[in-house]
Amino acid sequence: MTGQAALERSVSSHRLSVRSRLEGEAERAESAISRTDGDDDTCSELQRVTALELPSAEMLEAFTQRRPLARLVNLVLSLREWAHKSLVETEQRPDSFLERFRGPQAANDQSAAPADAPKKTFKERWEGFVVSQSDDIYYYWLFFIALASLYNWIMLVARACFDQLQDENFFLWVGLDYLCDVIYILDTCIRLRTGYLEQGLLVKDLAKLRDNYIRTLQFKLDFLSILPTELLFFVTGYVPQLRFNRLLRFSRMFEFFDRTETRTNYPNAFRICNLILYILVIIHWNACIYYAISKALGLSSDTWVYSGQNKTLSFCYVYCFYWSTLTLTTIGEMPPPVKDEEYVFVVFDFLVGVLIFATIVGNVGSMIANMNATRAEFQTRIDAIKHYMHFRKVNRTLETRVIKWFDYLWTNKKTVDEQEVLKNLPDKLRAEIAINVHLDTLKKVRIFQDCEAGLLVELVLKLRPQVYSPGDYICRKGDIGKEMYIIKEGQLAVVADDGVTQFALLTAGGCFGEISILNIQGSKMGNRRTANIRSIGYSDLFCLSKDDLMEAVAEYPDAQKVLEERGREILRKQGLLDESVAAGGLGVIDTEEKVERLDASLDILQTRFARLLGEFTSTQRRLKQRITALERQLCHTGLGLLSDNEAEGEHAGVPTHTHADIHAQPETHTRTSAETNSEEET
């Protein structure tokens, strides 16, 4: 007994020591975690992992000497480590690359609310509750209301026509009916609190929302759909026909279909399913009406109505549905009608069947055309290339390479023109989509890691995807450099002039070609390519032209310096930089750019000269018109005109100046001076 007590005391003391050691390690780990959380965002995840390393290797080695106790301790340590990891790493760290591009985002209402704010009661939350039509909860609610509406559209008419269906499951129908009524009432309450956009902002004023909903036609239909027509059951009994007002809620079902078509990734397939559903509902209604007419005229009363030989519900409905399908699809092969009522119903069915057939042909044809539009356009391009190569008698090897390149595009779904698809979006959304799509690639590019967000937006929007086949040269040494490239997928090899010797391997995320388009002063190669780069397999690249890069970098001098310095480093390593000349940066302009600028300046000068010439011609025309008008005015007043006697005197050489002539001479002189001045101005 004494030995057993001593053993128990030793085990308990050992457990206490183990517990104290574990608690000490846990406290040190928690303090390390708190210090790690207090650092800035630049701390690495490795620090978090090392802070959670509980316990040390020596401690575990000491525990493993006692196997039962070691297993227990290992279990405790594993549980503690798992608990710490789950507590520390529950929140995912934001991506700094995306945060720098997107900028500060507005916090949601819960995070923006102060911590010491009083908790709102249910009544206060309900008074401020407003549903936005763009929320997911609104879409999910549309799903339930669409189910309730579809249930009424299918089952009410069937229960009204087939008495056996109504009687066999009476309590089930009562429960489902009142469940749909509850959903309808809740939907009306939600519609009273459904916000709408006004000047781009969500309206949350409950009084305004209520007035806006009440003034619509939909409110009147919704109100009629929830009228308690079941009160008439006390007079007529539980007749499903009294619940036909529930069918007025059909607009919510159509709204759900429209939103689903917008959200789904397979809109064409959904449209086909939606069309099939409409057709089945129409056939179902027609089958029920056919049975109701047969029952009203008398079962087996003639050859056209339902015979009623088999009284089972399933056979009865299947036969009516079969008759309705043959009639609406205009197949016929059914007994002809006998009575006038039967003829009217069959004629109406034929008209509806023609409309259904036309709808099916039109919709299915357009859907199939839309589904195959991309393939048809792609096949047209292939056929045009094949025809051209056959017409120009291109060799078989090159033709095979072209066909394989097209096959690669189609197999890897690279036939979509991104610029054409995204052209209707604003630049901000286009840039954000491009960032999310090409994020992994852009993160690996060193040139983009420190650039400003505005430059990143411009560069991403200017990138053009290109696909190269195995063995294609992206650029050759000595070529004029007009583009730089960023590798998205694939591998490229820097090869010698023979095309076989491989110097380096470029993988996804690398960029090249920027040296030849930067126009760095002191570069011995100028704007020429400095290496041969060849595609090993199929490679997806992003191309950025020289004009686009210069246009974007011109407004960001810091990024311009980074590009310049990186280009100098590469040239210095390759021995292609003349340090004595390398004093400038990207300001060097080659001859081609100078000629382009001179052409632009010449166009501007020609435009200005044409404008000045037009102004001169217009001014000259106005002056001539003024001189002509002045001459006509002088002639009209008689100034400067000679009478017959004065004319004879002038011919005889006798001066015949009168007093009026003396007074007229200064005026004539004045007119001559005015004309002289006008001519001088001209």
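Glycine residues also receive a Cβ, built from the backbone N, Cα and C atoms like all the rest.
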Membrane side match, E127 / P336, Swiss-Prot record: no
Chain residues outside the topological domain 'Cytoplasmic' (294-311) and at least six past its termini with a C-beta under 8 angstroms from it: 161, 319-320, 323, 335-339, 341-342
Long-range environment of the transmembrane segment (344-364) - Cβ separation under 8 angstroms, sequence gap at least 6: 271-272, 275, 279, 282, 286, 289-290, 293, 324, 327-330, 337
Residues of the parent chain within Cβ reach of the topological domain 'Extracellular' (240-272), under 8 Å, 6 or more residues beyond its termini: 139, 142-143, 145-146, 148-150, 152-153, 156, 159-160, 166, 173, 177, 180-181, 184, 187, 218, 221-222, 224-225, 227, 229-230, 232-233, 363-364, 367, 370-371
Fewest-neighbour residue among binding-site residues, criterion Cβ within 10 Å, set G471, G567: G471
For the topological domain 'Extracellular' (333-343), the mean pLDDT of the predicted model: 85
Residues from the same chain, set at least six apart from the ends of the topological domain 'Cytoplasmic' (191-218), whose C-beta lies under 8 A from its own: 127-133, 138, 251
The topological domain 'Extracellular' (333-343) - residue tally per DSSP class, helix then strand then coil: 4 helix, 0 strand, 7 coil
Within-chain partners of the topological domain 'Extracellular' (158-169) [C-beta distance under 8 Å, separation at least 6 from its ends]: 239-241, 244, 284, 288-289, 291-292, 295, 313, 316-317
